[in-house]
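Colleague: Pasting the feature list from TrEMBL:
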type     : residues : note
COMPBIAS : 433-445  : compositional bias 'Basic and acidic residues'
COMPBIAS : 460-472  : compositional bias 'Polar residues'
DOMAIN   : 1-408    : domain 'Major facilitator superfamily (MFS) profile'
REGION   : 432-472  : region 'Disordered'
TRANSMEM : 12-31    : transmembrane segment
TRANSMEM : 38-56    : transmembrane segment
TRANSMEM : 62-83    : transmembrane segment
TRANSMEM : 95-116   : transmembrane segment
TRANSMEM : 122-140  : transmembrane segment
TRANSMEM : 220-243  : transmembrane segment
TRANSMEM : 255-277  : transmembrane segment
TRANSMEM : 284-303  : transmembrane segment
TRANSMEM : 315-334  : transmembrane segment
TRANSMEM : 355-373  : transmembrane segment
TRANSMEM : 385-402  : transmembrane segment
Amino acid sequence: MDWIGRLNTLKLTAIPVTIGWILIATATNYPMILVGRILTGVAGVTIGWILIATATNYPMILVGRILTGVAGAFGTSPAIVYLTEIARADMRGSLISCAPAYASLGMVLAYLKGWFMDWRTIAWVCNIYTVVPCVLMFFIPESPAWYISKGKIDQARKSLEWIHKYQPQPANKTQTMAELHLGVLIRDHEKKQEELRNSKYTGLTMKLKEFTKPTAIKPLIMLFLLFFIQQFSGIYITLFYAIDFFKQMGNNMNPYLASIFLGTVRFCMSMVNTYLLKRFKRRPLVMCSCVGMAICMLVSGLFTKWTIEGTTSFTWVPVVCLIFYVITSMIGLLPIPWTMTAELFPLEIRGVAQSISYAIANILMFLAVQSYPSLANLLGGVVHAQWFFAVICLIGLVYVFVSMPETHGMKLNVIVEYFVHNTFYITRRKTDKQKEPVKSPDRKPIVKNSRVTKDDVDKSSNGQNKNLIENV
């Protein structure tokens with residue numbers, strides 16, 4: 001494709017995903033079966049790529065891209081929810097943080113295919129990927145929580161037996177781990193139903209009422225500002241415009257090879273990030289990320305200026321700076337805002353609020369990606385654009401220090417309570433300071449002799465027992 005075709009394709013990258021997350025936000029009140037949701041998404045992706053592969057005009061590519069984006073978002077949401085519901089508590093965070101790693105791997109594959117394949121061939125190859133989820137759907141059970149919500153107790157029991165097949169069993173042999181968990185799910189469901197019956201608000205009205213509370217408004221505003229900083233710090237701009245970015249820097253390196261290497265670095269760092277998110281606190285990671293990104297963009301802009309002027313032979317410095325810029329972004333500013341969307345909101349609106357947050361993030365991504373060519377021209381070229389990114393990173397450092405709460409090692413109810421009484425982190429109440437963990441909690445691994453009694457399960461429904469919550 002020429003520059004216009006490539007630019008239009010970039011503009012279409014964020015819009016469909018945004019539409020998909022908005023649709024998910026409005027459809028959260030109507031739970032659908034996992035298999036149906038994912039297979040529907042697969043069907044949309046397949047049709048979309050076929051339209052792109054056989055396109056004879058731009059509108060066909062437009063429709064195909066919208067279908068792939070909407071269907072992709074439509075299938076992603078239930079997959080994340082499913083993983084959250086069945087994963088062991090001590091593994092849940094690391095497993096969910098693997099999502100950016102797979103996205104990075106997909107980006108590397110996209111760069112590789114774009115290097116030696118025609119775009120129509122790439123579209124046909126993308127259809128092969130849809131076979132994998134179609135096959136896997138026939139080997140995994142539906143979520144036990146979904147079965148319980150539909151009153152299908154026997155199916156929920158079978159699903160739990162499949163999930164806990166290789167889990168250590170409790171000391172009380174009269175009940176299996178699956179049966180104990182089934183009891184917890186049933187009690188939680190009955191408790192929620194009782195709360196609904198006693199509430200004067202029902203359904204959509206109750207959810208709308210929750211969005212007027214500080215526990216919804218404050219996190220939404222905080223995430224909006226955090227995503228704004230993330231998008232306009234240049235993270236996704238440099239990834240989407242990687243090839244053109246390298247060309248404008250004036251170095252002699254093959255821009256396609258550089259883009260592939262950049263994607264590979266991002267993939268490797270996303271794997272490292274699964275450990276960092278489990279081991280270290282969120283605020284220091286994001287602040288270190290902002291500082292590192294700012295330094296890289298400042299130095300890169302300076303050497304890019306000298307390279308264009310022909311006053312330096314170190315033309316490789318901007319490339320190295322861009323690589324370290326990606327590395328430091330993966331430490332905190334890129335992944336953490338996405339992971340926080342699942343931590344900040346009350347249970348009653350968590351699904352809807354998370355989808356709205358994702359929609360906001362993708363709208364900002366679209367604005368950042370679309371506005372970059374005009375922004376670069378307005379600022380006077382790629383040099384000043386890099387310095388602009390550095391300034392945004394420094395603003396992000398100040399904002400995170402002042403406002404972003406620490407969520408690592410904190411219980412979800414404590415995080416929600418924080419927003420009831422606080423707006424800025426540096427002025428938080430003394431009681432909230434005392435609730436913060438002094439150090440990162442080390443989860444004890446499950447051993448074969450781990451014992452979970454029926455009394456543990458009874459207490460866990462009220463959050464009184466850490467043994468079951470942390471080890472199961």
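Cβ from N, Cα, C; glycine included.
Bear in mind that TrEMBL entries carry predicted annotations, made automatically and left uncurated.
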Colleague: Mind checking which residues of the chain, 6+ beyond the ends of the transmembrane segment (220-243), have their Cβ under 8 Å from one of its Cβ atoms?
Modeller: 10, 13, 107, 111, 255-256, 258-259, 262-263, 266, 290, 293, 297, 322, 325-326, 329, 333-334, 337, 340-341, 344, 353, 356-357, 360-361, 364-365, 367-369, 372, 385-386, 388-389, 392-393, 395-396, 399-400, 403-405
Colleague: At a Cβ cut-off of 8 Å, and with pairs 6 or more apart in sequence only, do we get at least 3 pairs between the transmembrane segment (385-402) and the transmembrane segment (284-303), yes or no?
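Modeller: Yes; at least 3 Cβ pairs under 8 Å.
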Colleague: How about the transmembrane segment (315-334) and the transmembrane segment (62-83): do they have 3 or more C-beta pairs under 8 A, pairs 6 or more apart in sequence?
Modeller: no
Colleague: Average the per-residue pLDDT over the domain 'Major facilitator superfamily (MFS) profile' (1-408) and send me the rounded value.
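Modeller: Within the domain 'Major facilitator superfamily (MFS) profile' (1-408), the model's average pLDDT equals 79.
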